[in-house]
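**Student:** Here's a structure for you.
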Amino acid sequence: EAAERRSPGHEAESVGAVPGRSRTKFSAAQLQELERSFREQRYIRAGEKRRLAAVLNLSQSQIKTWFQNRRMKFKRQTQDAR
């Protein structure tokens with residue numbers, strides 16, 4: 001009865017997920033280029049963000065978010081090494 005009141009597909013949503021947006025699955029080539037760029041500079045500039053977005057067929061927002069997440073991963077790794 002409660003399931004009938006939900007909107008279609010609602011039961012498939014995970015807790016905390018942003019509705020209408022699936023997780024981006026980066027290809028090996030995309031990750032390789034992102035990692036190369038990260039090794040050169042941890043904070044991406046606007047021009048480089050535009051270039052990567054065009055070359056990798058991703059949005060600038062996806063590039064920005066990847067760099068934010070990668071910096072946090074780097075921070076955790078360096079803290080764990082101490």
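A Cβ is built for glycine as well, from the same backbone N, Cα and C atoms used for every other residue.
So TrEMBL lists the following for this protein:
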DNA_BIND  19-78  DNA-binding region
COMPBIAS  1-13  compositional bias 'Basic and acidic residues'
DOMAIN    17-77  domain 'Homeobox'
REGION    1-24  region 'Disordered'
**Student:** Kindly report the helix/strand/coil residue split of the DNA-binding region (19-78) according to DSSP, in that order.
**Tutor:** 43 helix, 0 strand, 17 coil
**Student:** Roughly where does the domain 'Homeobox' (17-77) sit in mean pLDDT, to the nearest integer?
**Tutor:** 95
